[in-house]
Amino acid sequence: MAPPQGKPENVLRLADELIALDQHSSALQSLHETIVLKRSRNAQGFSLEPIMMRFIELCVHLRKGKIAKEGLYTYKNAVQNTSVTAIENVVKHFIELANKRVQEAQEKADKISVEYVDDLEATETPESIMMSLVSGDLSKSRTDRALVTPWLKFLWDAYRTVLDILRNNARLEVMYQLIANSAFQFCLKYQRKTEFRRLCELLRSHLGNASKFSNAPHSINLNDAETMQRHLDMRFSQLNVAVELELWQEAFRSIEDIHSLLTFSKRAPAAVMLGNYYRKLIKIFLVCDNYLLHAAAWNRYFTFTNVQKPATANFVILSALSIPIIDANKLSGPSIEAEDAKSKNARLALLLNLSKTPTRETLIKDAISRGVLSFCDQAIRDLYQILEVEFHPLSICKKLQPIIKRLAESNDTAQYIRPLQQVILTRLFQQLSQVYDSISLKYVMDLATFEEPYDFNPGQIEKFIMNGNKKGAFSIRLNHIENSISFSSDLFSNPIKSSDSVSLQSTPSELITSQLTRIAKSLSSVLMRFDTDFCLLRKQQAEAAYERAQAGVEQERKAVIAQRSLLELRRGQADTLATQREAELAAQRALKQKQESEAESLRVQEEINKRNAERIRREKEAIRINEAKKLAEELKAKGGLEVNAEDLEHLDADKLRAMQIEQVEKQNKSMNERLRVIGKRIDHLERAYRREAIPLWEEDAKQQAEHDREIFYEREKQRKEVQERKHEQAIKDKKAFAQFASYIHAYKQNIDDERDKAYQEAYAKAKNVIDAERERQRKEIFEQKLAEAIREAEEEAARAAEEEANRELHEQEEAQKRAIEERTRAAREAKEREQREMAEKLERQRRIQQERDEEISRKLAEKAAARRANIGASSPSPGAWRRGGASAGGVSRDSPRYSRGGYSRGSVPPRETLAPSKGAYVPPSRRNQQQQ
């Protein structure tokens, strides 16, 4: 079908007619050829928009994603300079239709699943499961795969197509952001993790291309505040969806994207934006159990925002105190794990805009120096004082117990209790190792006692010690026989240094290591005290060094100035070269873009020509196949020739006739052969064969049954022998184990007694605590009710005083309002009186003027009557000749009345001669003339 050459209305009408005839493919092809026509590129956006809407509907109906993509690209190139709104409407309609089809498919699949379940209360049995597998019944997963998955794939392709069309266009930024957010919600709603990863990669590639082709027409400008904010909002939405889908690697890459955008921007980001950025980092680091960078993120967040400062300060100090002293970075000796941890933390620190990885002591010192502790609650300040300033291993747990209870009241602070306990245990063992060589495990358990559910058992303590030994923080050995722990003191081992712990005294290894240093310091102090020559020599050396330094200052200053000048010169040259290189790159990009545009146009034209040629070929092939089908039907009706539908594509009329002749010959041969075989088989030979074989089959069946019986008896005998041997062995095992039964029962009884005793003690202790807590709550409630009654009485008195004051103020306002109304009424009456007097004065003047006008009109009327009387007396008779001449009463041509100033015969007299009738209106100009 040739592409329509008419108006858009005709194209739509033709498409509607084809749709009505259920020829959707033909309608789609017609609209597609109209859109890709060369003259359609110069059309207006509003004229092509209805065609594009119908084209998109057909593409969605037939699930033709590639054709929709090509049409949308062509439409965008045609109207992007004239009508951006049209592009937005079309792509929005495309996404809405695809979403609608997915929802319809989901509803249909759910309906099929519900209809398949006959009994909602019936349970699955093995028989029903096997029957469903054998019969091939559709399950929900199969239904979804058959109905929903194709439309999900189409919707995903639609999102990718639209994002690729809208990318890196400053006019389509808002729609690009909306479609990207919609794609994020699509991945979240249908749990499409793979598609979400691909979507993130697609957005990253778009952003990379935007920075490469920044000089292209309509390219986005990341230096613009609104554009940067849109991309940051998209990345934050991407981060939220990654967290919801539990794709932590993608969440980390999203954080890196946000950091890259913030770094790329030449403008300083807003404090609110940085606050949101650091809040997300805080959550991610907490989920990853990276307490060091979690505390660093809280520190940065406190620096860049002032909202909720007391609450933020609490978390800054609490997170810093929760950083483990035993860190992966402090593993003893070179280790791949340690190097990986260091490089990972260094890379993560860059996301916080930190030049190097922070440490626990630097974070705490920085927070204290900036006065963060003054904003914290009293419990947090007490925690810092006990843990960092007044740490005492014998009473630390008892002092911290109320603070831990306070932290456990909130879910946000309760998550820091376990890391705080790790810090307490580390400090405890480090200081115990400085005082004791060996200590009982029970004593350590008493020192590290916390209330449930935060208490430690011996297994947890042992695991903690082994972890500390592994990372080089401890040198502790466990003795399970004596139930004690011993601290190793190798005199020649490297002493463990930790800036996070308080040194109570020097260890033997530290004394051995620092012995030479201490001797050198002592000898130096002795020489300084008793050897005057040595002191004089030191003084001379210091003076000589000072003179050398002073002499080299000027030379160094000149060298610095020269180096600075050289750097400025090189920087200027580098800027010039960079500008030239940028201009060359821009020219190359413009040329490349022009070549790509021309190549794209050529490709589209070749594609159109190829498609037209293919369409013509298909039409010719369809005509040939239709003719072959008609001939095949005729041959089938006449000669019974059956032709396969696939073979019709390679057959013509001559081949079909030859096939008919060959078919007739085959039928004749087959008929003759069947007649010959039937004649030969009229005897009963086959029946005789079968009768003779019956006894043989019966004998074979008897032999087979006998053989099977022998095999069965043999296997049964073997099975009995095996069972007897197993039974004898089991009896022997029972006799052997019976010797230990008494020991086992005694051991079990001891354990039960210990557990019962511990339970009774814990029960009594808990009961005492509960009774004390109830008494305390009762007192608190009584005090609260008493304070509330006092407060209500005070509020009632204050309310009565306030009502009295309001009443007096209201009375004063009413008095002032009445005074103002009196003055206003008096002024209004005076004004009305003046207006009445003025109206009366004007009325008198009007009557006087009216009387004068009537008098003047009367006099003028009398004069006019007299003048008319005079004119009537001197006028000629009606029958007199009026031509000028010597006739009586006439006027000669030489008379003055016939001059220019007079009036001719048959003309009306001048206006001055016409007096108005009595009572007629006389204008003021006439009045003046009449008075003169």
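FYI, residue positions are counted from 1 along the chain as it appears here.
Note that Cβ sites are derived from N, Cα and C of the backbone, with glycine treated the same way.
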Where does Swiss-Prot put phosphoserine, among S501, S887, S925?
-> S501
Going by Swiss-Prot, point out which residue in S877, S895 is annotated as phosphoserine.
-> S877
Per Swiss-Prot, the phosphoserine among S335, S493, S874 is S874
With DSSP as the yardstick, break the compositional bias 'Basic and acidic residues' (793-865) down into helix, strand and coil residue counts.
-> 73 helix, 0 strand, 0 coil
Nonlocal residues around S374 (phosphoserine), in sequence order (Cβ under 8 Å, 6 or more apart) = none
